[in-house]
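Colleague: Quick one: the structure is below, questions incoming.
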Amino acid sequence: MGHRHSKSKSSDPPPSSSSSSSGNVVHHVKPAGERRGSSGSGTVGSSGSGTGGSRSTTSTQQNGRILGRPMEEVRRTYEFGRELGRGQFGVTYLVTHKETKQQVACKSIPTRRLVHKDDIEDVRREVQIMHHLSGHRNIVDLKGAYEDRHSVNLIMELCEGGELFDRIISKGLYSERAAADLCRQMVMVVHSCHSMGVMHRDLKPENFLFLSKDENSPLKATDFGLSVFFKPGDKFKDLVGSAYYVAPEVLKRNYGPEADIWSAGVILYILLSGVPPFWGENETGIFDAILQGQLDFSADPWPALSDGAKDLVRKMLKYDPKDRLTAAEVLNHPWIREDGEASDKPLDNAVLSRMKQFRAMNKLKKMALKVIAENLSEEEIIGLKEMFKSLDTDNNGIVTLEELRTGLPKLGSKISEAEIRQLMEAADMDGDGSIDYLEFISATMHMNRIEREDHLYTAFQFFDNDNSGYITMEELELAMKKYNMGDDKSIKEIIAEVDTDRDGKINYEEFVAMMKKGNPELVPNRRRM
């Protein structure tokens, strides 16, 4: 998921004078009614200055339609380098200031993708909120916002220390105390946001990066694209967030800032066990598990973990948001405090193994689904093919979000805007903001087709180029390059996690198990000696 679903209420942003810190999902359907909280250029236009050197503008310059202030070419000030990451709307690049030579990150959002009024308001609000929260040790610093004829460019502090899970896995040794330290930094972000009238709404491990590779580097929250301003008592109805981390009240469309605590609690559960607390074969299954809300502390490694760790997880994942701890109460919990009771005894290696698998598995599965889609018979996909043709109104072979939004209701579909966003997010494998024919078929074909033996064997044969009966690292690398879906590190991780007999290759049995199973416990349990 990791996307937006609808804003029924967004409170007005606090006045700009309150910008000092006091210490402290799913998709985006938005109703046609009045939206508050991101009215236009006021905050955005006045607060986005570039780093190093002045930005001169004249009154004759044309105002950009997104930020509502004079347009400027970001490339006049910054030299663009390699791509750092890719999201639903934009691409993040490493850029260098031409005068100061300072390296920063630039999130570049093509304005052609911001066709819907609410998408434009989301970008404006992201800029407002990042300026509003600037200066906090654990929040990435927004240094400036530029708009030219083609894109909005957000210049941000460069985080070179890698993602949360990457750091944990690369260190090898890991303890409750390390998990407590990471969780404390995340909850400090939540506390700061809430005390300044901001709800994050998309807390997940991928949205936290380390500033540097230094051992004591701070952890930084990096993505505020779904965040909103709120006032005490405000309730929101839009379905936003990311599947594993979304709170039950968000799924029920009646929630407040307590939903951020739930998401942080899910991350803590993963930090301690390597797997999410609520699991399903697909998004619907995950949501069903969340709505049931049954926490299980009987499986490994929970019996070996401290009572304090389990107590905090329980209190952050209370089903009723009124019973959940606040961010301030979490920070005062004896287990998480800096001088607290969390043990520095290393956790079982199986925790790291499960964490690696949770991170790596989806990439190979998505590629295999695309291969299956390529090889389905005309009879099997005739209905889906006709649906794609009717959605692709300009006959260019791709379906945009706007084409989905306007086309699905015409097909008699009762699909909600939230589900349309979900379909786009799930289907758009290469992250270009549109769905091609194969991506569409891959995302919409029924699960029973995936589990048919002939389809699985066809997919396996696609990867196994030399018909040796194994998928090697070289063969996986070729496939991932074809679909633009990963780097050398991802390839090694996939081999390591799917290859249960540890011979450096993936055999057919291992491939089928990976495709059919959603339970991340299965492989690590087989690995135990």
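Glycine is treated like the rest: Cβ placed from N, Cα and C.
Remember, it's a predicted structure, so these values are computed and weren't measured experimentally.
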Colleague: Pick from E402, E403: which one does Swiss-Prot list with D392, D394, N396 for the same Ca(2+) 1 site?
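Modeller: The record-listed residue among the candidates is E403.
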Colleague: Ranges 187-217, 342-372, 466-496: which does Swiss-Prot label region 'Autoinhibitory domain'?
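Modeller: So the range that Swiss-Prot calls region 'Autoinhibitory domain' is 342-372.
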Colleague: Round to a whole number and give the Cα-to-Cα distance in Å for the pair N396 (Ca(2+) 1 binding site) and T92 (ATP binding site).
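Modeller: On Cα coordinates alone, these residues lie 27 Å apart.
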Colleague: Would you list, in sequence order, the residues of this chain other than D392, D394, N396, E403 that have their CB within 8 A of the centroid of the site's CB atoms, where the site is the one recorded for Ca(2+) 1?
Modeller: L391, T393, N395, G397, I398, V399, T400
Colleague: Sorry to bug you, but what's the C-alpha spacing from D394 (Ca(2+) 1 binding site) to S434 (Ca(2+) 2 binding site), rounded to the closest Å?
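Modeller: For S434 (Ca(2+) 2 binding site) versus D394 (Ca(2+) 1 binding site), the Cα atoms are 13 Å apart.
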Colleague: Are there binding-site residues among D392, D394, D432 that sit within 10 Å of G90 (ATP binding site), Cα to Cα? If so, list them; otherwise say none.
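Modeller: Within 10 Å Cα-Cα: D432.
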Colleague: For D394 (Ca(2+) 1 binding site), list the number of other Cβ atoms lying within 10 Å of its Cβ atom.
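Modeller: I get 9 for this one.
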